[in-house]
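Taken from TrEMBL as is:
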- 40-57: compositional bias 'Polar residues' (COMPBIAS)
- 58-67: compositional bias 'Pro residues' (COMPBIAS)
- 1-70: region 'Disordered' (REGION)
- 100-130: repeat 'PPR' (REPEAT)
- 213-247: repeat 'PPR' (REPEAT)
- 418-452: repeat 'PPR' (REPEAT)
- 520-554: repeat 'PPR' (REPEAT)
- 621-655: repeat 'PPR' (REPEAT)
Amino acid sequence: MSSSALPLPLSSSSSSITHTTSNHSHHHGYSSSSSSNLSFQRQTQTPHTKQLSSHQPYPSPSDPPTHQPRKTVRYRLSQLCHQGQPHLARQLFDAIPQPKTVLWNTIIIGFICNGMPDEALRFYSRMVSTPSNASCDFYTYSAVLKACADARQLSIGKAVHCHVLRSRLESRSRIVYNSLLNMYCTCLSSANDEKGYVDDLVCRVFGSMRRRDVIAWNTMISWYVKTERFEEAFRSFWMMLKIGIKVTVVSFVNVFPAVSRMGSVRRANLLYGFLLKLGSKYANDPFVLSSSIFMYAELGCLDLARNVFDQSLERNTEVWNTMIGGYVQKNSPVEAINLFLKALASEQTILDEVTFLSALTAASQLQRLDFAQQLHAYLMKNSAVSRIMILNALIALYSRCNLVDISFQIFSRMCERDAVSWNTMVSAFVQNGLDDEGLMLVHEMQQQGFTIDSVAVTALLSAASNLRNLEIGKQTHAYILRHGIEFEGMESYLIDMYAKSGLIKSAQGLFEMCSTYGKDQATWNAMIAGNTQNGQIEQAFTTFRQMFEQNIVPNAVTIASILPACQSVGIVSLGKQLHGFAIRNCLDHNVFVGSALIDMYSKSGAIIYAENVFFISPEKNSVTYTSMILGYGQHGFSETALSLFYSMKESDVRPDGVTLVAILSACSYSGCVDKGLQIFESMEREYGIRPSCEHHCCVTDMLGRVGRVVEAYEFVKELGEEGNNFRILGSLLAACRNHGEFELGKNVANKLLQMERGKGLSGYHVLLSNIYAEEGNWEYVNRVRKGMREKGLTKDVGCSWVDVAGRVNSFVSRDQKHPRCDEIYGTLEQLALKMKDAGYRPGLGSEIGTIPEFVE
């Protein structure tokens with residue numbers, strides 16, 4: 001409803017009254033002030049509302065009869081409104097020839113109490129524009145201002161303010177001033193562009209009040225909290241006490257959030273102690289109890305919150321929910337579930353949707369599938385599972401428990417779905433690695449008429465990153481720009497997507513476009529990780545240094561992102577410095593940092609350091625174990641790797657697909673073929689993991705390394721179409737060359753070359769060339785190399801790094817640029833002679849008597 005819908009005369013004074021909007025309802029469903037003395041309510045009256053309605057000009061039908069010889073028209077109108085039939089009341093009103101003010105007010109209040117503020121405003125417009133004996137009084141203006149607040153109609157509220165000023169009633173009415181204050185505070189959020197001016201206006205209205213009662217003070221405290229001026233809210237509370245205003249329960253309910261947001265436990269204890277001194281009427285009020293528990297929980301003092309809960313004499317559903325929710329929000333799911341079970345067993349407690357949502361969230365945090373299934377069954381028996389909110393929570397719960405198929409079954413059977421349902425299911429697919437399914441569901445979501453919001457966009461960008469699908473990523477980015485979508489962390493998602501798609505320059509451009517103050521930790525971390533993943537090692541360290549220069553403190557994700565850059569160039573000393581930084585900032589106990597440190601030390605050759613980090617890590621997940629197993633395998637400690645792998649079961653850590661790749665690789669490096677095959681054959685049966693291409697490649701390599709080339713070839717043949725993979729056939733080809741299976745190698749090489757057409761891969765041409773060279777078939781060697789030259793294929797040049805005395809030395813094949821290259825090649829010649837004396841003979845494909853090309 002626009003302001004033009006009401007013929008309200010606006011004076012010049014109205015133009016000076018600006019507006020803003022905000023939901024004025026407080027945390028537990030109360031309003032911080034009463035804007036009118038409404039004689040009836042369909043909703044439950046809060047203690048605050050009851051207190052504020054200290055004088056009732058119109059008796060409510062629900063009030064006990066005192067002296068009522070006959071039912072008046074006023075009583076009948078009030079009764080109809082109380083029964084939820086304000087339109088019938090209006091029809092009866094229209095039949096009255098000369099209605100008095102009290103009857104006009106009854107209809108206005110009736111519309112408001114039935115959640116129809118726009119109708120109330122239209123009726124007020126009719127009242128002021130109809131010539132009659134009725135004139136607006138305190139209660140008319142108070143009710144209309146309440147309607148303006150409910151409808152967020154600031155412009156109409158300003159016009160009503162002008163009416164009040166012209167009526168000259170305001171100087172005698174605290175009721176009207178309280179309603180004005182409430183109206184301006186409630187309408188704040190729709191006028192953010194004029195926030196400073198409206199702040200000043202609210203303070204001026206409050207300052208011009210001749211007598212400020214507790215309602216006005218409560219409104220201002222709530223206003224300060226909503227505008228995040230917590231110190232002012234706290235000061236206002238103590239000022240109210242200082243001047244002798246008697247506080248109400250609403251005063252505490254309003255000021256508690258300010259204290260929790262200030263992070264002051266001392267002030268919280270001070271306020272709660274004062275509350276206890278006021279007696280049980282205050283301390284045992286359910287709304288105050290709930291607010292006290294919420295305050296302590298937000299401060300992280302769950303023990304104090306629980307003390308308040310345990311000492312409470314009367315616990316309603318809100319109190320139970322606040323305590324359970326506090327445990328969930330502060331990541332104490334075990335305590336949340338235990339308290340939920342107590343609530344379930346309590347005969348006096350009525351559980352609602354919020355209770356079950358908290359329990360489902362706690363089960364999700366713990367990934368307690370058994371409890372989740374029991375709770376699901378309970379909800380089905382009690383018919384609560386049909387509600388959308390509960391079903392959405394169940395979808396998220398089963399997804400967290402890695403049972404995305406059950407999540408989809410619940411989603412598919414939903415009779416009604418909202419945007420949260422679609423977003424939850426899309427996110428479930430993406431988080432469980434089913435990115436293609438997530439993308440298809442987004443398409444279906446659009447076809448069903450649901451708008452793609454920030455949550456769906458986040459899932460789309462994650463899916464594009466996981467799939468390295470640049471096209472999807474670009475389309476999503478364009479959609480964000482077209483629809484003006486903004487959400488926290490958006491830049492980090494976009495940078496990550498472009499970096500993982502190989503467009504590191506685009507990612508860097510986005511990063512540089514962000515203002516200095518707009519770059520949060522997540523944005524810096526995404527850029528550092530992107531540079532590291534794309535081999536931009538120097539740029540990764542440059543960004544890391546810039547992060548320090550901008551006074552952005554690195555977190556665990558930062559350290560875990562930069563550590564792989566150290567192993568890429570073999571700079572162990574720099575890795576040690578980062579390790580020291582992590583220790584000083586208490587980040588070394590983070591499971592991701594620990595895993596990255598183990599990986600860095602292992603790949604840098606410092607296996608003892610990796611081992612030390614592993615054993616002192618207080619928390620270990622599958623990634624931690626995988627990194628250590630891989631490190632042992634690469635250093636030839638296969639038995640230790642196997643022992644660690646088998647110990648995972650005792651530590652209740654379930655191996656994943658990557659862990660199986662690591663242990664199979666360890667078996668391959670050390671030639672433990674039988675144990676490796678035993679683990680491979682038990683993958684699906686014991687660990688529920690279906691072998692993938694990586695696992696098949698490990699088995700092929702394992703058999704090929706020990707000379708069981710024919711067996712490896714038969715294994716690949718049995719894979720059928722799955723065996724037609726570059727990595728699997730490449731491992732088989734390398735084994736054929738190393739063990740002299742030349743004829744078999746030629747067959748594999750020809751198959752690879754057929755698959756390779758148009759892809760520009762040189763590695764398999766080189767391997768085939770080497771096989772011919774091993775046979776001494778130089779004609780075919782020249783033919784393969786000529787074909788490579790015609791196709792423009794060149795072998796990728798390898799590069800090595802050596803850290804000597806803190807300086808990184810890099811080498812490539814046939815390098816002559818190093819300042820000490822004469823000494824290096826001289827040493828290599830001596831080593832070559834010693835190798836010959838020890839009985840080493842180079843292969844037929846090597847040029848005898850020359851230095852190998854890989855000498856760096």
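Using N, Cα and C of the backbone, Cβ positions are placed for all residues, glycine too.
Curation plays no part in TrEMBL annotations; they are all automatic predictions.
In the predicted model, the repeat 'PPR' (100-130) shows an average pLDDT of 88. DSSP states for the repeat 'PPR' (520-554), grouped as helix (H, G, I), strand (E, B) and coil, give 26 helix, 0 strand, 9 coil. Secondary structure of the repeat 'PPR' (100-130) per DSSP, as helix, strand and coil residue counts: 26 helix, 0 strand, 5 coil. Shown for the repeat 'PPR' (418-452): DSSP residue counts in helix, strand and coil, namely 26 helix, 0 strand, 9 coil.
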